Amino acid sequence: MKCLIVFGLIVALFGAFVGYGYVVFTDLTKPLPKPEFKDDTYWGPGDAKDFVPDDKIYEFKLQVPQSEIDDLRKELNRTLRLTDPLDGIAFEYGFNTYALAQFVDYWRDKYLTKWDERQELFNSFKQYKTEIQGLNIHYIHEKVSEEVQETKHVYPLLLLHGWPGSVREFFDFIPMLTKHSNITDYAFEVVAPSLVGYGWSDAATRPGFNAAEMATVMRNLMLRLGHKKFFIQGGDWGSIIGSNLATLYPENVIGYHSNMCVLHSPLAILKGIYGSFYPEKYLPNRFFVDHHFPVWDKWLELLQESGYFHIQATKPDTIGAALTSSPVGLASYILEKFQTCTNPGLQQDFGAIVTVFGLETVLDNLMVYYLTNSATTAARFYLENVSKAYRDLQLDRVQSPVPMGCARFRFDLPSVTDWQLRDKFPNLTHSMYFQQGSHFAALEMPAMLFNDFTAFVAKIGLHGEVRK
């Protein structure tokens, strides 16, 4: 009799444990409702009560004083106090100091002597500034010609960059989107902003400016320009911001296309672990397994390459002070990221950056950070996005009805599978794998990104309906 009682208690406890586990699992994995979010928070200097809004749009042209270029040349002309690499080491310990010295020599003696030419390239795109929520936002705004309007379907497009990138990433991509010469039936009125705290856009003056706030400013910029509905394309932070915008303001988004398809909800993580045991079951082709699995190896790779993330997410002003005080330090820090984002076969190659991106292109991007003194304010964005206020929004668990397209480049950060991505974007309408390319897709292979983006657009109607 006692054995039966004990057995009954064990069964009851096991049942209670299973039931509790089910409740906890359901609570952690179920979709959440869209949170209420304020869309007019003031982020500018001073008190919002004293702020006088200005909705005018002002033309912007890059005009760097020669004295500033001369000062930079003097800084780069100082004797470098660099430590020699270890014997037999290329870039395994960070950016190789022999390579860095060569970059500095080229930057000072060749690049800066043709700064007028580089500045002319920046100014070849129509640029403007306007005030949004107390912040002066810089953006490229390239419209299509009358010929294009008459022969193609034209849509507004918000292009979003990330770190350590800038609008310079899009200089080869934008003409493909706007010109009559592209071979598709589509063209785009492109708006490519400098993110808040990046480039020539103001930085927030108080804590709390996270990706949801950035998404709100970007959406309000598009509304300022008269675009109530638009496409979004983004990678790196641009992908996170685009996802947040499509989640918080789906009524404004025709479609959202990402070349960094990540998701960090509890359910997505569990699916990733489960999928690692049956990788081919959840992929369109067995050749794509190494995009996602083994999941443990992918996590280890992220841990090894995310030291910068931990620094910027904890003490951004410390690293910012080092970077803004030394152009050589800034170059080493940013160039190392571009070196890493080539591909594993080139990461230890001294010519990788030149081969994949082009020397002038990478130095153009570096100049954006130097000239705008934005290393600190850009780094702060990391801290804001690991803050409790942002985590509590749990936007990865809030579904978006917006049509979504995903382009996965082989050597980018590990993306999630369609099986995981549909938890967030049930209207996933386009999914593509590429066996080449890395993190800076618009910079490295703009034609491939263009083809994938327009393939996604072809599946979407003007109002966001999926074309059968």
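Note that Cβ sites are derived from N, Cα and C of the backbone, with glycine treated the same way.
It should be emphasised that the depicted structure is a prediction, and the values quoted were computed from it without experimental measurement.
What TrEMBL records for this protein:
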type	residues	note
ACT_SITE	Asp236	active site, nucleophile
ACT_SITE	Tyr382	active site, proton donor
ACT_SITE	His439	active site, proton acceptor
DOMAIN	58-170	domain 'Epoxide hydrolase N-terminal'
Exercise. Using Cα coordinates, what distance in whole Å links Asp236 (active site, nucleophile) and Tyr382 (active site, proton donor)?
Worked result: 12
Problem set entry | Length of the line joining the Cα atoms of the residue listed as 'active site, proton donor' and the residue listed as 'active site, proton acceptor', in Å | 18
For this session: Give the number of CB atoms, excluding that of the residue listed as 'active site, proton acceptor' itself, located within 10 Å of its CB.
Result: 21
For this session: Around the Cβ of Tyr382 (active site, proton donor), how many other Cβ atoms lie within 10 Å? Please give the count over every shown protein chain.
Result: 19
For this session: Report, as a single number, how many Cβ atoms besides its own are within 10 Å of the Cβ of Asp236 (active site, nucleophile).
Result: 23
